[in-house]
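**Q** The following feature annotations were taken from Swiss-Prot:
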- 110, 153, 157: Fe cation binding site (BINDING)
- 154: active site (ACT_SITE)
């Protein structure tokens, strides 16, 4: 079971590396990593389990955040219409996105960042992603609103980008310039 002790914190170089694609079909090890990450996110949202194990609540977790430099992440979050997105994804790729941007009015947080970082994080309002789910099935999803923001936050982790790198005008010792390929 993944706990907060397994979460890599900001300042660790693995969070700044571009993660490696995983081999397909998924190995049993990669499938298990996705299942374990998804279990952590679900547990973090259960008040009893979270209190018992000292888990901070989250809606997504990327493999680099547990020290694994692979293109894997898990999400367990509900969109504005009540649709649940609960899955692990391997080799996610954005195949299209809007020019229009969106942000969470209260900013973003991160399980790897143990402090509040004020500021708006501009994200694409809509995007289409492809990848392979934790059961090995090809997926293609059109996302918008809150759930699109969650996916982009996790995708950034796979590219070595922290959410605060996107906050304009932020003076922060951990902030890095965005790479040229950033969405």
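Backbone N, Cα and C define each Cβ position, glycine as well.
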**Q** Which number gives the other C-beta atoms within 10 angstroms of the C-beta of residue 154 (active site), all protein chains shown included?
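**A** A 10 Å sphere around the Cβ of residue 154 (active site) contains 22 other Cβ atoms.
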**Q** Please classify the secondary structure at residue 110 (Fe cation binding site) using three-state DSSP.
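**A** Assignment for residue 110 (Fe cation binding site) reads coil.
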**Q** Roughly how many angstrom lie between the C-alpha atoms of residue 110 (Fe cation binding site) and residue 154 (active site)?
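**A** Here the two Cα atoms are 10 Å apart.
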